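Here's the structure, in structure tokens; my notes come after.
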């Protein structure tokens with residue numbers, strides 16, 4: 001049976017942008033060593049899940065989508081700030097007396113930077129890794145964006161939910177295979193196809209919104225499932241490690257326990273459902289497009305890209321302080337860079353103001 005939906009892409013989901021802004025701030029707090037932020041995996045939700053959400057809405061509202069044109073659009077939108085980070089990284093390497101190796105060519109031509117994490121590239125001198133480390137999301141956005149657009153275009157719409165359930169199952173299997181095979185943990189989060197769960201949940205969210213199911217019982221159930229999964233994993237880690245509740249909370253945010261435990265391979269599913277429910281609820285809020293958090297959410301990708309170099313430079317200068325100082329410096333620095341970038345890119349954003357999120 002065909003899915004009948006009507007989606008207005010001209011109406012901004014300001015509640016979702018507020019969610020994206022909050023998650024972006026949590027990422028910065030986490031990178032600034034704020035211990036309480038260790039519970040939040042903002043990248044998966046604020047970029048991958050919501051990117052898929054907007055992409056699905058775009059496909060739903062269009063009679064025809066060119067896979068090549070959509071991928072080219074995404075590259076044009078995401079690639080320029082990435083090039084700027086590459087330039088900053090090159091300047092940083094030169095300032096430290098290092099040499100630029102062939103890695104920069106790989107970064108530019110492959111539209112991603114996850115390649116430097118893997119054993120078969122150990123012969124390549126990695127000199128730009130510090131500042132480039134947190135641009136790994138570009139590879140996921142570009143290549144998974146291409147794959148997900150292809151699937152949405154080629155698979156009948158009434159089969160999308162089945163495709164999404166398969167995507168969630170694949171991500172769980174992938175994490176189990178990496179764990180059981182004792183491979184590098186970075187393989188879990190650096191490979192684009194590891195995030196079919198996040199993209200699947202974004203599509204499910206868009207389908208529910210398009211069908212008019214926002215704010216219904218499913219949202220409440222999703223929230224409860226998410227909270228239950230988080231609390232259960234938290235208690236489980238406390239129990240198996242013979243620690244108190246607070247220590248269990250810290251273990252919950254640690255990559256070794258989070259990524260290596262068979263129990264917690266499902267945590268992306270729990271988190272995805274949790275934020276799916278939260279996002280559905282926020283759609284009821286009457287939030288102005290001029291709200292500072294909405295504006296920040298609209299520029300969250302640039303904020304994410306620009307904030308980490310400031311933290312790297314703080315470390316190199318020996319100026320790393322408490323998390324409050326680190327956060328203020330990286331937030332203000334990223335904000336200034338994003339405002340400048342927005343100003344320079346203003347003409348392009350005016351032309352594409354309705355689909356800059358995808």
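Backbone N, Cα and C define each Cβ position, glycine as well.
Among the residue ranges 285-302, 303-320, the one that TrEMBL annotates as transmembrane segment is 303-320. Residues 326-344 are the range that TrEMBL records as transmembrane segment, among 3-21, 326-344. For the transmembrane segment (303-320), same-chain residues at least 6 beyond its ends with a Cβ under 8 Å from one of its own Cβ atoms are 24, 27-28, 31-32, 43, 46-47, 81-82, 85, 88-89, 92, 96, 130-131, 133-135, 137, 296, 326, 329-331, 333-335, 337-338, 341. Looking at the domain 'Acyltransferase 3' (15-340) alone, the prediction's average pLDDT is 73.
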